[in-house]
Each structure stands twice: as structure tokens, then as C-alpha cells.
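Below is one structure; the comments refer to it alone.
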């Protein structure tokens with residue numbers, strides 16, 4: 001399995017969770033296969049917690065600042081947040097910059113060009129098929145090796161003065177640990193008002209973690225940073241070391257139990273019967289969401305996220 005194919009796996013999971021009623025996403029139908037299989041309840045639940053928690057932070061970030069905000073998505077693939085957020089907050093308030101491998105960029109660009117509902121969200125745009133890029137007022141897509149950002153900068157224009165959050169959904173973990181560290185430090189140094197949201201597995205050395213790594217390795221997928229950051233506390237210390245002022249890192253079980261409102265939990269739990277409760281709890285403890293921020297961004301956003309404690 002090529003790393004580029006992991007985006008298709010994630011797409012199938014999001015599509016299943018959307019069709020089952022966990023997630024509201026009117027744009028995923030343009031990307032998902034017409035005959036997408038239903039995922040087991042435990043997978044739908046994990047996809048929901050992942051999507052809800054990331055949306056929770058990013059949307060509160062958008063709502064915490066006036067004027068234009070910027071989201072830089074590493075390994076964005078078929079992620080539909082750009083369309084969901086622009087339709088809700090308006091193109092004048094958001095700039096998305098997305099990076100991925102060439103096949104994933106081309107797949108997204110061609111899907112955008114096919115569907116008016118997607119084109120309307122981003123407005124006028126310019127496409128370079130040979131380079132795998134799309135540039136518009138609210139969305140830029142680049143086929144670009146993110147490791148080169150540290151040495152060569154961004155391939156297009158980036159406004160370093162805008163409040164900015166970098167998003168990595170299982171992307172940084174594919175880099176060598178020193179490469180991931182260099183990139184995170186670069187982001188922290190270059191943006192005055194910034195944060196980073198990172199979703200990735202943890203606890204790779206226990207029995208479940210070893211099984212998870214073996215399954216991924218059998219498919220040709222190696223998470224190179226997994227063994228470096230075993231716990232949520234190690235993830236927290238990692239980003240403090242990068243220079244961020246405030247960091248919170250929680251596993252998915254904690255997020256489900258303490259972040260998600262009771263009524264929302266009741267709604268999602270009524271969708272499907274989850275028989276594998278112990279398996280879910282074990283799985284949820286092996287995935288972590290980290291949110292790190294500069295002091296000025298944290299002080300602004302924490303008013304919208306009073307339940308987050310560092």
C-alpha cells in the first residue's frame with residue numbers, strides 16, 4: 001500500500017460515518033465512491049470523535065478572530081473542511097493552503113472542476129495540472145514535499161501576519177522524527193499568531209500498539225515518529241519544546257468523555273449499537289489529539305474553549 005492510498009481509506013471512513021448520521025458533511029458525496037461500504041460501529045465512532053474534536057478547535061479558532069484567518073493543512077487529500085467552513089463562514093474570512101502528494105492533489109482538483117457546488121465555494125481559480133496546483137482567493141492546493149518548506153519556504157504566497165493554524169491528520173508521523181521537529185519549529189517561528197493541531201497514534205510499544213504497527217507495516221505503512229512519543233504527556237512536552245506557549249494533548253477516550261456535550265453523546269450513541277465497548281476504549285486510548293498555540297492565539301481562543309486545561 002502506498003502512503004497516497006491512506007487518504008482513500010480515510011475518505012471511506014468519513015463517508016461511512018456521514019451516511020450513518022454521525023457527521024454532517026454535504027460535500028463528501030462529491031469525493032466518495034458511489035458504492036462505499038459501511039464501516040463497523042467502532043470505526044464510525046472513531047471517525048466521529050476525530051472529526052468532531054478537530055472541527056471543535058478549528059471552528060472556535062475561526063470564531064475567535066475578526067477578519068481573515070488561515071489554515072494550513074498537511075496531507076489534506078480529500079478533506080472537505082475547506083468547503084464546509086467556507087460555506088459557513090464565507091470566503092472573505094478564510095484562506096486554506098493544502099499540501100499533498102501529486103496524485104491526491106490532482107484527484108481533488110479534478111473533483112472540484114467537475115462540481116459547481118465546490119467551484120462556487122472557492123471562486124475564481126487557476127490550475128496547473130502538470131504541477132499539481134490550484135490557486136484561488138480562499139484555497140490553494142500544492143503538490144509539494146512538506147520537508148522542503150523548512151529549506152525553501154512555501155511554493156506560493158503565504159501571509160505570515162494572519163492568525164494561522166497548521167493541521168496534521170496523520171501526516172507528520174510519516175516523517176523522520178527530526179524532519180517533523182524541524183518543520184514544527186519552523187511553523188512556530190514564522191507565524192506570530194499561530195497554533196498547530198496534530199492527530200496521530202500513541203502508545204506504540206504496548207501489545208495493542210505493536211499489533212497496530214504490525215498491521216500497518218504489512219500494508220507498507222510505517223509511522224516513523226510513533227515510538228518517539230508514547231504518551232499524551234510526551235506529545236505535550238514535544239510541542240512545548242518546539243516553542244509553543246500552551247499545549248494540550250488528550251487521547252480520544254478522554255475527549256469523548258470530557259469534551260463532547262452530553263446531548264451530542266446521546267445522539268451519536270443512539271445511531272448504532274456498539275458491542276465492542278472494551279475494544280473501543282482500548283482503541284481510543286491509542287489515538288491522540290494535540291493542540292499547541294502561541295500565547296496570543298491561546299489567550300484569544302481559550303475564551304471559546306474553557307474546558308481545555310493545560
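We number each residue from 1, going along the chain as drawn.
The backbone N, Cα and C atoms fix where each Cβ goes, glycine too.
Just one of 63, 113, 116, 169 is listed by Swiss-Prot for the same S-adenosyl-L-methionine site as 50, 75, 100, 145, 146, and that one is 169. In the three-state DSSP scheme, residue 100 (S-adenosyl-L-methionine binding site) is classed as strand. Residue 75 (S-adenosyl-L-methionine binding site): 24 other CB atoms within 10 A of its CB, across all protein chains. Annotation for the binding-site residues 100, 145, 169: lowest Cβ count within 10 Å of the residue's own Cβ, 145. Residues 50, 75, 100, 145, 146, 169 are listed as the S-adenosyl-L-methionine binders, and the farthest two of them sit 25 Å apart at their Cα atoms.
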